[in-house]
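Below is one structure, written out as structure tokens, with a few remarks after it.
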Amino acid sequence: MADLDAVLKCWGAVEADFNTVGGLVLARLFKDHPETQKLFPKFAGITGDIAGNAAVAAHGATVLKKLGELLKAKGNHAAIIKPLANSHAKQHKIPINNFKLITEALAHVLHEKAGLDAAGQTALRNVMGIVIADLEANYKELGFTG
């Protein structure tokens with residue numbers, strides 16, 4: 001619970017500007033792992049200022065709002081995880097490793113924009129590790145090994 005509290009302490013900076021932070025997180029993900037951009041067909045041709053692209057920022061905001069919902073559930077997130085896993089496995093076909101990659105992008109952006117220190121970044125990785133493990137368990141139930 002201490003890890004979750006550490007992450008939630010800086011979450012206000014995310015909520016203050018979901019679009020900007022979301023755009024930065026996805027831009028960081030695509031920069032560090034260019035292959036991930038191909039998983040988002042509507043972003044495939046976007047180059048240049050990815051973070052400033054309205055569609056990328058809007059999708060990043062959607063991702064962060066859902067993550068905020070998961071965080072605020074404080075571990076009681078089965079009802080949130082199940083449909084998320086279902087859509088990401090069946091519809092979007094997102095390999096589980098990509099959730100680890102976006103966690104690293106988020107840690108980097110939160111360090112820069114919200115002052116998340118090394119301990120906070122470790123807390124974020126720990127919290128996301130639990131979320132990702134639960135997503136992966138749902139993926140397995142669905143027979144998705146991506």
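Please read every residue number as a count from 1 along the shown chain.
A Cβ is built for glycine as well, from the same backbone N, Cα and C atoms used for every other residue.
Predicted, not measured: the structure shown is a model, and the values here were computed from it.
In Swiss-Prot this protein carries:
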type    : residues : note
DOMAIN  : 2-140    : domain 'Globin'
BINDING : His59    : O2 binding site
BINDING : His59    : nitrite binding site
BINDING : His88    : heme b binding site
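Sequence-distant neighbours of His88 (heme b binding site) (same chain, 6+ residues apart, CB-CB distance under 8 A): Ile94, Leu135.
The 10 Å shell around the Cβ of His59 (O2 binding site) contains 18 further Cβ atoms across the protein chains shown. Sorting each residue of the domain 'Globin' (2-140) by its DSSP state yields 113 helix, 0 strand, 26 coil.
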